[in-house]
Amino acid sequence: MRPYLVLATQRSGSTLLVESLRATGCAGEPQEFFQYLPSTGMAPQPREWFAGVDDDTILQLLDPLDPGTPDTATPVAWREHVRTSGRTPNGVWGGKLMWNQTALLQQRAAQLPDRSGDGLRAAIRDVIGNEPVFVHVHRPDVVSQAVSFWRAVQTQVWRGHPDPKRDSQAVYHAGAIAHIIRNLRDQENGWRAWFAEEGIDPIIRLPGVMAQPDRDCGQCA
């Protein structure tokens, strides 16, 4: 059974899909392997999503940067971690990739031996082991997506339920949401341009959530 890679943008509903796949126990362990920055060992922090923004009314709502702990794993060890962590015992591998993570994936793949080529598609193939099934998740309502993103940035909770006290402190900010909308649209346009360039027709396109989970999981796996 071929591996699969869910291609999405943040707060698009991709977590529902990958958690449904994980719950089968036989369709891989799809995680967001490519979000961690080598400089901190962490996913992008709130202020990093607003790099270049100098509006203090936005920045004062965001947690300060955490220096984290640099990731010192060798390229080969990193690849092995990605491969083993994403597999279920039956050998099926699953993962998730956001467009903003593609540059980092290519940078890390460039350090691997025995590359099969250049570019994003080769990087994916060389890290995973072979060509995966590509699954595209898209949320048409980008405004609602951005509002969800802004709330998650403030609460620092991307899955599950935030602390009620912290959640109550999250506030609306039109400028922050507009910034996120531009980011999400740029990411989605990036995926669509790449699909066209590579001649990729993703196996499934979802409007944020799955209408028929059993069918959709079967198509992916």
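Cβ coordinates come from backbone N, Cα and C, glycine included.
Just so it is clear, the model here is predicted, and its values are computed rather than measured.
What TrEMBL says about this one:
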- Glu32: active site, proton acceptor (ACT_SITE)
- Gln10, Glu29, Pro30, Gln31, Glu32, Phe33, Phe34, Gln35, Pro44, Trp49: alpha,alpha-trehalose binding site (BINDING)
- 4-203: domain 'Sulphotransferase Stf0' (DOMAIN)
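Sequence features annotated in TrEMBL and their locations in the structure.
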residue: Gln10; record: alpha,alpha-trehalose binding site; CB count, 10 Å: 25
residue: Pro30; record: alpha,alpha-trehalose binding site; CB count, 10 Å: 28
residue: Glu32; record: active site, proton acceptor; CB count, 10 Å: 19
residue: Phe34; record: alpha,alpha-trehalose binding site; CB count, 10 Å: 24
residue: Pro44; record: alpha,alpha-trehalose binding site; CB count, 10 Å: 18
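In this structure, the CA atom of Glu32 (active site, proton acceptor) is 11 Å away from the CA atom of Gln10 (alpha,alpha-trehalose binding site). Per-residue pLDDT, averaged over the domain 'Sulphotransferase Stf0' (4-203), rounds to 95.
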